[in-house]
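Here the structure is laid out as structure tokens; the discussion comes afterwards.
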Amino acid sequence: MSMAAPVPAPVPPSAVVASTAVAKALYKQIQVDHEVCDAGDEDSFFVCDLGEIRRAFAQWQHQLPMVKPYYAVKCNPHFQVVKLLGQLGANFDCASKAEIDEVLSLGFSPDQIVYANPCKTNSFIRHSQQVGVKLTTVDNTTELHKLARFHPKCGVLVRLTTDDSAAQCRLSTKFGCTVDEAIGDILPLARQLGLNVRGVAFHVGSGAKDFTSINTAMKDSRQVIDAAVAMGFQVDTLDIGGGFERATFAESSAMVRASLDQYFAGSDINVIAEPGRFMVSDAFTLAAHVIAKRPHEVPMVYINDGVYGNMNCILFDHQTPEAHVLVHRSQFVYGDSGVGSFKCSIWGPTCDGLDCVSGDASLGWDVDVGDWLYFPRLGAYTSAASTAFNGFSSTTKVVFVDTA
């Protein structure tokens, strides 16, 4: 396998072009009079720039041309997103029956899916066998017995635990076996059960700033793969997981390339990854309507979206949505830094005191009922986990533009 330097970087369109397209879509969607409109006409909504997804995919190909991306459907399962990424050349990381069915319904092959959930429902395993999914992850011997019974021909990736102590979203507290467990327990049992171990998987967590964990995980993977080959398994796949972010991708991708050179130089192993937020986070902008305002030492602004809606990422994904003013006193001010610093707290629409978007926001403009806020870069782990708590809708309209 060649670990050559990245291919020439793609030339993106002007940032002004992309910003203008998003601005036009936002402006068109907010043309509603909140004093006379029908209930729900002023609901929050997303604008998605498909061109930004194309640019993210091109950036991946530029930095890691040797690593096949399997898009993490859980991150944002909107069919337009999944369809576009498949058309661009991505395969898919699915975690459930519903995600598998969505990918297949869009015309993609079961061969393009890794069922990357180490602990699966028996009926879901049977379903994956019935529809032809041929690759999954495991991290314990119980799962091997389930596969032997319900999907014995499925390829197996042994999921290793990693040191993800520097990550914001840690996964090794729930998933992954040690190297000793992999070599001493899982591989021997898999051989005894006649299962097809095809490789190793790991995930170093999301939001990491220290990428040495990638190198350590590669070293561990090499050790387990060597042991598997020595036991007679036909190993062909290394899954390096997800957690990649565009802001730190230069550093993380450099570590991936260096680690592959160190531990897998000259190997013909197929290297795959499971990027989610990397592909979609920057593409989505959320717009929310100001529905109430309470006078207070620090004014309290209430909007029609919050932590039970699309900003559940505050609780589940350790994100900090960045609020900006979209409309100020009937003036469209998208992209304008404003005239000052309006300090406020921002709250969601439910009756739960937990529903706080920001306890210490600083806006460029004062806002009042009828104004709008917008939150850029909210495409990852937002709408996917939205709820209908208090009777508010869990479905949010998405307006698509394409600045490719």
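Any Cβ shown, glycine's included, is placed from N, Cα and C.
Per TrEMBL, domain 'Orn/DAP/Arg decarboxylase 2 C-terminal' is recorded for 48-379. Averaged across the domain 'Orn/DAP/Arg decarboxylase 2 C-terminal' (48-379), pLDDT for the predicted model comes to 94.
What TrEMBL lists as domain 'Orn/DAP/Arg decarboxylase 2 N-terminal' is 50-281.
The DSSP secondary structure for K74 (N6-(pyridoxal phosphate)lysine) is helix. What TrEMBL records for K74 is N6-(pyridoxal phosphate)lysine.
Within its own chain, C351 (active site, proton donor) has N390 as residues 6 or more apart in sequence whose C-beta sits under 8 angstroms from its own. In the three-state DSSP scheme, C351 (active site, proton donor) is classed as coil. Sequence annotations record features per position, and here TrEMBL assigns active site, proton donor to C351.
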Item to complete: Only counting partners 6 or more residues apart, tell me which same-chain residues put their Cβ under 8 Å from the Cβ of K74 (N6-(pyridoxal phosphate)lysine).
Response: D93, A95, E99, G276, Y381, A384
